[in-house]
Amino acid sequence: MERLNLKHKLGDKWISTLASIWIQCTSGSLYTFSIYSPILKSTQRYDQSTLDTVSVFKDIGANCGVLSGLLYTFATPSNRRNAYFGGPCLVLAAGAIQCFLGYFLIWASVVGLIPRPPVVGMCFFVLLAAHAQTFFNTANVVTAVRNFPDYSGTAVGIMKGFVGLSGAILIQFYETIFHNKPTSYLLILALLPTINPLLLMWFVRIYNTKEQEEKKLLNAISCVALLLAAYLMAVIIVDHLFTFQLLVRIATFVVLLLLLSSPLCIVPSLRAREKDSSVIHQSLISEGQRFDQEMEVHDTRDSLEEDNLNLLQAMGSVYFWILFFAMACGMGSGLATVNNLGQIGESLGYSNFETNTLVSLWSIWNFLGRFGAGYVSDHFLYVKGWARPLFMVLTLSSMSIGHAVIASGLPGALYAGSILVGVCYGSQWSLMPTIASEIFGVKHMGTIFNAITIASPVGSYIFSVRVVGFIYDKEAWGSGCSGTHCFMLSFLIMASATLLGSLAALALFFHTKNFYNQVILRRLLHSLRE
């Protein structure tokens, strides 16, 4: 009877994970701003500068999620026996309400249902719509970490990866059903990302259960995510080479829906094939024997729990500000790159087809970084005992190389550099929340990692406006700028900044190395023995 109960709870945890994934698949609407920005510009009679100002508020709303973290902490019961209800559901509902209000008001302004609002009003509408994503993200990411504490990197990577893919998924939805109808697409953005969480939020819950099958479950989901990313990349490339007819678009979209629903077949398979051990399980046993020889391992959970710091306590730690600085360098320069890919391609003589393909594929590189960094850092933490901040060092230094490659202006440099920058940019979005949860604890994780995320728009403003924009305007002659010199200095500056960020992450690695060895790994080993 106890064994059946454990399987039932595992199924519940699986349902929660799958519901979170599907919510994430419609949560990245802000990545599709370029689809409706032209109609927004024309109907509201904005110039380019005003449209860019509206876009800035989109970035601010999407990266200032402290309120969602506070709501999650307040609404989630501290008593684990009652953790099936509360936090995640309430946070998702709050996000759905904001999403509907924001996009509905934008749509109403565009079609003339309400009088044309002042610019500050439109900025508020866009900020409200984008701010909803922080609520979806917080509910799903923090719940995944609580449900899979032993594989938090992989869990965060999956959740962040699917929200990275959501832009490409929504674009496929738009091009299949509402091609060349951006006004209708705005109304759909008010409905689809609202109704989807409201239907699924009842299944997103915290479960204090553990099974060896968890790793198989996450590996299976990871395979589906990789297959989905490969399929989307193939569709994007082929669609740019040969424009799809309507029937072909419908067929490709049906295949996309089948891939998204395919995880439903995984649970019966897991329940049918139950094994007693796995490779990582054996690796952990070996690590446990080594740790038992080196230090005394207590058999009580209290000795293995890390301190759960609140936001103010975390902000009093140097670790918080190291993470903030590293993220400002990495996320800020990454956003500056993607925001200027079109202009960079134009200045280097790329065709519109080539630059559009680069922009479309950015979501794929972003996904690979988000998913890969979480999975790989989990693997090496378990098998080699490598502290997770080491991977932040590696990805930021690699991003520095990517910026330098773009600055070179060599043939194909923009392709190679954008891939490297995109993957490393995505990596920060899975590494930072996981590291924050391990250093500061999971109780206030939503508030803390969302506070660190504010570094993204701060860095984006510095690099986009004060570096790229300023230098481009100085180099431009007349209406535009052509040649390598337009962006070379900007990307060399960003390469230096991300290298400096990697050095900050290196300091974090050395300062937390003993903590990871003595606390994190021992907590994982203790969990395995239970």
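Note that the numbers count up from 1, one per residue, in the order the chain is shown.
Cβ atoms are placed via backbone N, Cα and C, with glycine included.
Note that the structure is a prediction, hence the values are computed from the model and not measured.
TrEMBL lists 318-530 with the feature domain 'Major facilitator superfamily (MFS) profile'. What TrEMBL records for 21-40, 89-113, 119-139, 151-173, 185-205, 217-238, 244-267, 318-338, 413-436, 448-472, 487-510 is transmembrane segment.
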| task | Using a Cβ cut-off of under 8 Å, list the residues of the same chain at least 6 residues beyond the transmembrane segment (89-113) that approach it. | result | 23, 29, 36, 39-40, 43-44, 68, 71-72, 75, 122, 125-136, 138-139, 183, 186-187, 189-191, 193-195, 197-198, 200-202, 204-205
| said: Short question: most Cβ pairs under 8 Å with the transmembrane segment (244-267), which of 119-139, 151-173, 413-436? | reply: 151-173
| remark: Outside the transmembrane segment (413-436), at least 6 residues beyond either end, the same-chain residues with a Cβ under 8 Å of its Cβ set are 141, 145, 152-153, 156-157, 160-161, 164, 314, 323, 326-327, 330-331, 333-335, 337-338, 341, 344-345, 348, 350, 358, 361-362, 364-374, 377, 388-389, 391-392, 395-396, 398-399, 401-406, 445, 448-449, 452-453
| field | Cβ pairs under 8 Å between the transmembrane segment (318-338) and the transmembrane segment (448-472), at least three | value | yes
| query | So which residues does the transmembrane segment (448-472) touch in its own chain, when a touch means Cβ under 8 Å and the partner is 6 or more beyond its ends? | reply | 56, 59-60, 63-66, 68-69, 134, 138, 141, 309, 311, 314-315, 320, 323-325, 327-333, 335-336, 339-340, 343, 432-433, 436-437, 440, 481, 486-487, 489-490, 493-494, 497
| message | Return the average pLDDT for the domain 'Major facilitator superfamily (MFS) profile' (318-530) as a whole number. | response | 87
| remark: Ranked by Cβ pairs within a distance under 8 Å of the transmembrane segment (119-139), the first of 21-40, 151-173, 185-205, 217-238, 487-510 is 21-40
| said: Would you say the transmembrane segment (185-205) and the transmembrane segment (21-40) are in contact under the rule of three or more C-beta pairs closer than 8 Å, pairs 6 or more apart in sequence? | reply: yes
| remark: Here the stretch out of 151-173, 217-238, 487-510 with the most C-beta pairs under 8 Å to the transmembrane segment (185-205) is 151-173
